[in-house]
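Visitor: Let me begin by handing over the structure; questions about it come next.
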Amino acid sequence: MGVIFVQWVLFGFSFAFGDPVSVGFGSFSDAALRFNGDRHDPIYCPTFPLLTYAAYQGTFAIVTAAIISGSIVGRVRLIPYMIFIFVWTTVCYDPMAHWVWGSNGWLKNLGTLDFAGGTVVHILSGVSGIVAAAIIGRRHNYHEQKSTAHNLPLTVLGTGLLWVGWLGFNAGSAIAANGLAALALVNTNAAAASGLVTWVILDLIRGRVSISGACCGPLIGLVAVTPASGFVQPGWALLIGIIATVIIYIALIYKHHIGIDDTLDVGVMHGGGGIIGAFLTGLFSERAMNTINGADGAFYGNPIQMWYQLAGILTAIGFSSACTIGILLPLHWTIGIRIPIQDEIAGLDWAVHGERWEIMPTEKKTPTTTTTEINYPNYRIPRRYDRNSVSSQFRSRAVRLRRQPDISNATLARLTNAAYTIPV
């Protein structure tokens with residue numbers, strides 16, 4: 001959030017949405033956001049200030065860089081990662097945002113549809129994440145078959161927060177509180193819900209419903225419907241969630257065959273989900289749903305829309321791959337990007353930051369015991385309590401001690417046992 005928004009204020013927004021100098025690039029005319037809060041833009045935000053639009057679009061840039069980190073978490077040095085996301089956002093995200101969403105972007109003029117970031121956010125970040133994971137290498141304890149949630153309550157909580165927050169991204173992309181925003185909101189919920197139900201059914205078919213796995217279903221639906229949320233009917237949104245979840249579910253089962261350690265499955269879920277959603281947009285989009293920026297898809301008599309979508313998909317895959325390789329390899333050859341194996345084993349929280357997110361148990365010594373003989377003062381017991389048997393004498397002594405108000409129960413227990421053990 002810090003690095004990317006600094007970049008966004010300095011020149012990122014101007015490079016993506018500033019006065020265009022060509023069909024491929026914006027300009028630096030609005031660098032450092034040199035305009036007041038009253039300025040409106042007739043294309044991007046006719047009904048609210050341009051600064052608000054800049055802040056809103058800045059969240060997309062932040063999220064895109066954050067998604068990449070999911071592929072390489074736990075094994076990257078901090079400074080090289082900060083350099084990477086700063087440069088990557090400048091040379092990869094900003095131009096792509098202009099191509100797809102800019103007033104004269106060449107993909108937009110071609111006819112590629114992306115309502116809320118399926119191509120710009122998810123395909124870019126997913127492909128970049130899996131390429132970065134391939135360059136950096138596997139974790140020291142990577143296991144191809146094992147994938148266990150670290151903290152299930154936080155996983156469920158995060159899924160709920162993600163679901164709710166996604167409504168703001170998709171519905172907000174209508175840039176107005178109108179029927180288009182309502183359509184995007186309903187489509188977003190529909191795809192997430194169908195993705196969840198589909199995942200649960202697939203788990204039931206295989207024998208057991210996994211809670212952590214079920215959290216993947218809504219995410220897949222959300223990713224897949226993002227490019228189509230403002231262009232399709234809600235019924236198609238349900239189908240998009242189902243189709244994407246089935247494909248990604250199968251892909252996650254066989255992902256180990258590619259041999260790349262994508263820590264949080266960013267490449268499969270975000271990259272794959274974005275590709276599926278962008279392609280299905282070319283099938284199900286309907287101009288009647290969005291008369292301003294929409295277009296009919298193949299199911300509505302316009303099959304060429306599929307090729308427009310494919311052009312955007314291939315451009316995003318190739319461009320993000322080239323940018324990621326071009327940034328990470330020089331960093332790898334110069335200052336290095338991979339942390340030492342000892343720091344990876346210890347964990348970055350402790351090795352790099354000197355902190356832990358959880359309370360660690362204190363070191364326990366092996367318990368040993370010693371037997372110590374302790375001599376206690378011989379309390380005089382009146383003769384009237386004497387008895388002939390040993391047991392009677394013991395009971396008499398106990399009764400006598402209990403009658404002494406200055407002796408505690410702990411002292412009484414010790415006095416009635418000549419020896420006891422002390423833990424060391």
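Just so it is clear, glycine is given a Cβ too, placed from its N, Cα and C backbone atoms.
A quick note: this is a predicted structure, and the numbers were derived from the prediction, not measured.
Residues or ranges marked as signal peptide by TrEMBL: 1-18. If you look up TrEMBL, you'll see 2-355 marked as domain 'Ammonium transporter AmtB-like'. Summarising the annotation, TrEMBL assigns transmembrane segment to 54-74, 81-101, 113-137, 149-169, 175-202, 209-229, 235-254, 266-285, 305-329.
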Visitor: Mind checking which residues of the chain, 6+ beyond the ends of the transmembrane segment (81-101), have their Cβ under 8 Å from one of its Cβ atoms?
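Guide: Tertiary neighbours of the transmembrane segment (81-101) are 3-4, 7-8, 11-12, 15-17, 20, 24-26, 57, 60-61, 64-65, 68-69, 72, 107-108, 112, 114, 119-120, 124, 128, 132, 312, 315-316, 319-320, 323-324, 326-328, 331, 337.
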Visitor: Taking the domain 'Ammonium transporter AmtB-like' (2-355) alone, what is its mean pLDDT?
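Guide: A mean pLDDT of 91 is what the model gives the domain 'Ammonium transporter AmtB-like' (2-355).
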Visitor: Given the cut-off of 8 Å on Cβ pairs that are 6 or more apart in sequence, determine whether the transmembrane segment (235-254) and the transmembrane segment (113-137) share at least 3 such pairs.
Guide: no
Visitor: When only pairs 6 or more apart in sequence are counted, do the transmembrane segment (305-329) and the transmembrane segment (54-74) reach 3 or more Cβ pairs under 8 Å?
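Guide: Touching, no - the transmembrane segment (305-329) and the transmembrane segment (54-74) miss the threshold of 3 or more Cβ pairs under 8 Å.
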Visitor: Quickly jot the same-chain residues contacting the transmembrane segment (175-202) by Cβ under 8 Å, restricted to those at least six beyond its ends, or write none.
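Guide: Tertiary neighbours of the transmembrane segment (175-202) are 44-45, 47-48, 53, 115-116, 163, 166-167, 209, 213-214, 216-222, 224-226, 228-230, 232, 234, 237-242, 244-246, 249, 289-290.
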Visitor: So if I exclude everything within five residues of the ends of the transmembrane segment (209-229), which remaining residues of that chain have a CB under 8 angstroms from its CBs? That is, six or more out.
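Guide: 113-119, 121-122, 148-149, 152, 155-156, 158-159, 162-163, 166, 169-171, 173, 183-184, 187-188, 190-200, 203, 236-237, 240-241, 243-245, 248, 252, 265, 269-270, 273-274, 276-278, 280-281, 284-285.
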